[in-house]
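Going by TrEMBL, these are the annotated features:
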ACT_SITE  D539  active site
BINDING   R499, T511, D539, E588, H591, E610  N-acyl-D-mannosamine binding site
BINDING   H591, C601, C603, C608  Zn(2+) binding site
DOMAIN    60-397  domain 'UDP-N-acetylglucosamine 2-epimerase'
Amino acid sequence: PPPPLFQEVYFKNLSKQKQKEVMEKNGNNHKLRVCVATCNRADYSKLAPIMFGIKAEPQFFELDVVVLGSHLIDDYGNTYRMIEQDDFDIHTRLHTIVRGEDEAAMVESVGLALVKLPDVLNRLKPDIMIVHGDRFDALALATSAALMNIRILHIEGGEVSGTIDDSIRHAITKLAHYHVCCTRSAEQHLIAMCEDHDRILLAGCPSYDKLLSAKNKDYMSIIRMWLGDDVKTRDYIVALQHPVTTDIKHSIKMFELTLDALISFNKRTLVLFPNVDAGDKEMVRVMRKKGIEHHPNFRAVKHVPFDQFIQLVAHAGCMIGNSSCGVREVGAFGTPVINLGTRQTGRETGENVLHVRDADTQDKILHALQLQFGKQYPCSKIYGDGNAVPRILKFLKSIDLKEPLQKKFCFPPVKDNISQDIDHILETQSALAVDLGGTNLRVAIVSMKGEIVKKYTQLNPKTYEDRLELILRMCVEAASEAVNVNCRILGVGISTGGRVNPREGIVLHSTKLIQEWSSVDLRTPVSDALHLPVWVDNDGNCAALAERKFGHGKGIENFVTLITGTGIGGGIVHQHELIHGSSFCAAELGHIVVSLDGPECLCGSQGCIEAYASGIALQREAKKLHDEDLLLVEGMSMKKEEVVSAAHLIQAAKLGNTKADSILRTAGTALGLGVVNILHTMNPSLVILSGVLASHYVNAVKDVINRQALSSVKTVDVVVSNLADPALLGAASLVLDYTTRRIY
């Protein structure tokens, strides 16, 4: 049965009263009779979670299972048995595959299915048929149901690949009455194809409901069973390649080159037999010609149960081939993938996928293996967040059988391209933002528009272990709360002090304000815990990104952000891109030296801007005045236990304390000189002062520019940031700006 989460999420979103209304709407508590037709091992992995969900709610649904296609062929493992093992009653078995090795065999198979299906559908009389994907068998199912006035729910419509599958998928879309899609792009494609927006559900891929809870199970016994007792995790390859029916000869040649490259690479490899398609037999002959079934490094199999296949790809050193599984499901584990040829062209992919479009030489494929094997990428949730089945069940219950069966197409102008769930409530694309400060640790849910939907704050622990544990706990809590506030989390952005390698997500060296925080891999534990991609960067860089997306820097090609707070930091945006530098040390603006014999800085040098203008520097000077009884003036008072701070110095200056005012003017001049150096080096068109001290320094900085800068840079705009929380907004923008898909 499905995990309890299905029931929990469903009942959270749909009250018992509404359930009753849905049943009454369809008349006399009529149960929805659902026919699920499965054609092969791949579509069953997507349909099985839905079938479990339907079976778990017999008060709402009656389930009929029809099996056809390659499920019933011995050469492909008789995979109908796994349906029986899952305790589903198979109502009908239809032998529909015409054996052959060319395109004509596929056409004849569609024809045979069209001949046999009407009798089955007449007997079952389903209210709705669920059809998955883009296989020729699925086209026969959709055609039969549409002509027999049976409502069709199509799973995974709107996606783009690169073969005849595209045409079949879109043809099924036009026949289907309801659509469940996996990604926002797929949803937009369906809308562009004039499908009714109210009949489209952006649910995610049903298989992800299983994938995202699978990795921590016992897996070594599965790996040993399929690959041998001596195989270690991350030290084997899974290969799955199918013929491309629009270019069979080239795909056979590419498969031959792939096997040659795998033999040369000399790693234990599990090779799965291809799909039933024109050219599949020729691919099997290539395997046998090269002795793959008897090679000591290879294990060739017709079928692996999906539960076990999940574990195999989750812990593989690499997956290679042209299966949609590689570009879709495998991303959930961050396993490296090499996608060969054009079969998946147009699919959205995570950064774990390396595309070899023209796999025309063995060396090219071998080089790709050398680049990818053994890497570990952030987990990707492009195709689902683990809650697809509850959404689909809710969608099914909302179907009104009294509505006219005839489809309506929404020709341009289309509706606003906002993704809605079945209750038409906006599910906001959002990010989890983490800010690691010297004092506090903060986590927030931030929307695409920069709204902080929910914020959590805790004191930043002093030790590495406690800090990491708290980060994970707060992120998990926030991710759970995101469901309640109707936010869809795209990833996690982390802003932290110190020098950061954003490519690897590692804090290289920390500031003295954060203890035990050097050589820390932040990306891996957070990504593993949340199954989300994670970005990490320095707090100054994050402030600049916040300005670029939400603040004064929006649309500005070249600008600099200076943070004036406990320390002095910043970020530089040049030609719309953030500058990190060769060793990730760019924009350490607080350590620009403005005096050779100035006060000592925390970095160990002298005369840095930070030694003059930071909150710590002002606090140091305030304490000196206070110790000499020169700080307090009329109108000021301090409690005995109160700690002297920079705020007291600023207050004293405002109340006429000339010594305090002199210190602030010196600090402002030092900051201004640093800005002049930046202007002469980077020549930005805008300087943004951010942080609690920005408003106190802005006029002093402008004065120094007018006195000291070259005339060609004096026209620069100097403004105070209007962002209330640049660190969190910058961390969020790491996610919101970079959740585009990488293609190599």
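Just so you know, glycine gets a Cβ as well, placed from its N, Cα and C.
Because TrEMBL annotations are produced automatically, they should be read as predictions rather than curated entries.
Projection of TrEMBL feature records onto the structure.
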| residue | record | Cβ neighbours (10 Å) |
| --- | --- | --- |
| R499 | N-acyl-D-mannosamine binding site | 19 |
| T511 | N-acyl-D-mannosamine binding site | 21 |
| D539 | active site | 26 |
| E588 | N-acyl-D-mannosamine binding site | 17 |
| H591 | N-acyl-D-mannosamine binding site | 20 |
| C601 | Zn(2+) binding site | 22 |
| C603 | Zn(2+) binding site | 15 |
| C608 | Zn(2+) binding site | 29 |
| E610 | N-acyl-D-mannosamine binding site | 28 |
In sequence order, the recorded positions (R499, T511, D539, H591) whose C-alpha falls within 10 A of C608 (Zn(2+) binding site): H591
Non-site residues, in chain order, whose CB comes within 8 A of the mean position of the CB atoms of H591, C601, C603, C608 at Zn(2+): G590, V593, L602, G604, S605, I609, E610, A611
Chain-mates of R499, T511, D539, E588, H591, E610 with C-beta within 8 Å of site centroid, N-acyl-D-mannosamine: G497, G498, N538, G540, G567, I568, G569, G590, C603
Whole-number Å value for how far C601 (Zn(2+) binding site) lies from E588 (N-acyl-D-mannosamine binding site) (Cα to Cα): 13
Minimum Cα separation from D539 (active site), reported as the residue among binding-site residues R499, H591, C603 that achieves it: R499
